[in-house]
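What follows is a single structure, written as structure tokens, with notes after it.
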């Protein structure tokens with residue numbers, strides 16, 4: 001390949017474009033220019049032999065200019081190269097437009113040039129096709145059998161939870177019945193104690209009445225049978241009260 005005259009190129013970022021050498025099978029040892037940024041590249045690309053040397057042409061109005069279309073030269077190039085250059089030229093022509101209307105068509109990559117960062121002509125055959133074989137290994141997809149297994153596992157887990165709730169319900173009902181039985185027993189015991197308490201209160205009232213009667217009898221006997229000032233003992237008063245009652 002003949003040596004092209006040295007030219008300078010400016011990328012769309014208004015920075016001096018970096019010169020690279022193609023190592024692909026279709027374009028061996030063919031120099032080209034790209035944006036010098038490692039990140040946030042402006043997607044600028046141009047073959048060196050497609051640019052006009054500043055020494056052989058008047059100073060261009062822009063850093064990059066396209067060669068005049070030569071039908072003879074276009075016919076001599078391969079179809080893939082011509083397609084690539086047409087994409088490049090369309091990108092270069094977009095530089096002459098005002099900034100407000102600036103658009104850039106990204107240049108596709110050739111197979112084998114992904115690592116070197118070289119653009120390639122568009123090819124519908126290289127477009128990635130969606131994966132539709134329904135493989136279980138694909139992230140976010142399930143085969144019918146896998147989906148059925150998931151549903152069965154969820155149903156088993158739900159059934160286990162239902163059994164657990166049923167056991168808890170039975171245990172709660174048994175505890176409620178035990179508490180109800182204990183409450184009935186306590187109510188019956190409370191009723192019995194209340195009856196005993198009332199009986200004791202009645203007996204106590206009877207005893208109080210008996211004591212008051214004995215005291216009254218003792219006082220009366222003391223007044224009737226003894227000189228004034230003498231007092232009977234409680235046992236004597238009880239004896240006289242019993243004798244008089246009989």
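Including glycine, each Cβ sits where the backbone N, Cα and C put it.
Marked as domain 'GRF-type' by TrEMBL: 11-51. The DSSP breakdown of the domain 'GRF-type' (11-51) into helical (H, G, I), extended (E, B) and coil residues amounts to 3 helix, 18 strand, 20 coil.
Sequence annotations record features per position, and here TrEMBL assigns region 'Disordered' to 51-86 (among others).
Marked as compositional bias 'Polar residues' by TrEMBL: 72-83 (among others).
The region 'Disordered' annotation in TrEMBL covers 111-145 (among others).
The compositional bias 'Polar residues' annotation in TrEMBL covers 135-145 (among others).
Summarising the annotation, TrEMBL assigns coiled coil to 148-224.
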Averaged pLDDT, computed only over the residues in the coiled coil (148-224): 93
